[in-house]
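Positions annotated as zinc finger by Swiss-Prot, on the basis of sequence analysis: 15-60, 92-134. What Swiss-Prot records for Cys97, His100, Cys119, His125 is Zn(2+) binding site, and it gives sequence analysis as the kind of evidence. Among the features that Swiss-Prot reports, coiled coil is placed at 131-239. For 283-488, the entry in Swiss-Prot reads domain 'B30.2/SPRY', with the evidence type sequence analysis.
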Amino acid sequence: MASKILLNVQEEVTCPICLELLTEPLSLDCGHSLCRACITVSNKEAVTSMGGKSSCPVCGISYSFEHLQANQHLANIVERLKEVKLSPDNGKKRDLCDHHGEKLLLFCKEDRKVICWLCERSQEHRGHHTVLTEEVFKECQEKLQAVLKRLKKEEEEAEKLEADIREEKTSWKYQVQTERQRIQTEFDQLRSILNNEEQRELQRLEEEEKKTLDKFAEAEDELVQQKQLVRELISDVECRSQWSTMELLQDMSGIMKWSEIWRLKKPKMVSKKLKTVFHAPDLSRMLQMFRELTAVRCYWVDVTLNSVNLNLNLVLSEDQRQVISVPIWPFQCYNYGVLGSQYFSSGKHYWEVDVSKKTAWILGVYCRTYSRHMKYVVRRCANRQNLYTKYRPLFGYWVIGLQNKCKYGVFEESLSSDPEVLTLSMAVPPCRVGVFLDYEAGIVSFFNVTSHGSLIYKFSKCCFSQPVYPYFNPWNCPAPMTLCPPSS
């Protein structure tokens, strides 16, 4: 009912010329109203064609343009009508034209909007291309489906990019955490190295202090004894000086002889300067050594000892990681040592050996250069020095060794028949030795793990014609020689 009333009101305020709601309505003498623009155009046409007379387009009654009056009341009604909205529960609202109340059955291509048949005839849409809404609906549906498909594809791409970003973020955070741990580990190790160096320097200073103070104490004791002796002589001489002439003359030779013989023995001079003078360690060099050791430790392999063809004087542990040399009385053994169970014919490999309690040892790698095999030999007498010269590259040994508790040596890579042992200088005696093999490059390197990975010696341009075996020789020292498990 309300909708019908609104439609009736809308008809009353619709311009009979443009068929739109009145805009700036002007009332004629007959009572009808027109838009100011429409009546102005109509008046101009009348002046031109009818000799200046104008008539109402509704009833035909003539009017004078000068007598037209603005109808504010109708203008207010039009404004209120534009503000009126039909209730949402009216299902036909969307299908009806807001201006004419007719069904929206047409689509204007120029204005891209749905219109009714009256809108099509209005001045606003006159001459425009219109089609039925059913025809354009299918086209819109196809376009919407295409847009929907593209948007879903964009959504999938966005989700994929989001997942990639999350994965990259996780990977980045892991890299940062790994790098943080690596930095902390390296600095912890550097601090450990510095602490060890500090303790070593303090221990050296303490040992020198003890030795020097012992010398001072010995000198003081000696001077105390001499001072006591000279006091006794002085007392004796003073006492004799009080004797009578006969007493003094009868015993004069004895006291004079002692007085002439005795001389003050000066103690040995003790150096006023410290032998141990601390110099700050070269941190860059220490860091370089540490990094070199860390680099080769990446190739750490689990090496065990081979019990095949084992010499009689050698005993292996159950886990085949430790070898001990035992005496076979009354014989002395030509100790050929023991090979590793693993052999290498390519690649890079690293292992570590604990020799902390030994006073003699040999270790490195062995490569069979001839058809020689490891055999045990027991002899009543053996020249150890001559035996020691057998451990050289000419016979397939690339090794270093310790003899007589403090003499470290290595045979240079000379093929001469009379090689010389190269003496190695060790600032810190190695308790743990690392061995690195690069088969293709022909390199065998030895590292002093005890001294933060300092390089002991490096064989280069080694010629390996056969597989290479780790080699261990405890010599005649009964202390154990132990293979360290990886990363221990």
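Just so it is clear, glycine is given a Cβ too, placed from its N, Cα and C backbone atoms.
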If you run the three-state DSSP split on His125 (Zn(2+) binding site), which class comes out?
coil
Fewest C-beta neighbours within 10 angstroms among the binding-site residues His100, His125 belongs to His125
Of the residues in the zinc finger (15-60), how many are helix, strand and coil by DSSP?
14 helix, 9 strand, 23 coil
Inside 8 A of the center formed by the CB atoms of Cys97, His100, Cys119, His125, which other residues of the chain have their CB, for the recorded Zn(2+) site?
His99, Glu102, Leu104, Ile115, Cys116, Trp117, Leu118, Glu120, Ser122
Cβ atoms near Cys119 (Zn(2+) binding site) (within 10 Å, other residues, all chains):
25
Sorted by position, what residues of the same chain at least six away from Cys97 (Zn(2+) binding site) have a C-beta under 8 A from it?
Lys103, Leu104, Ile115, Cys116, Leu118, Cys119
Through the lens of DSSP with three states only, how would you label Cys119 (Zn(2+) binding site)?
helix
Restricting to the domain 'B30.2/SPRY' (283-488), report the mean pLDDT as a whole number.
83
In the zinc finger (92-134), how many residues does DSSP call helix, how many strand, and how many coil?
10 helix, 11 strand, 22 coil
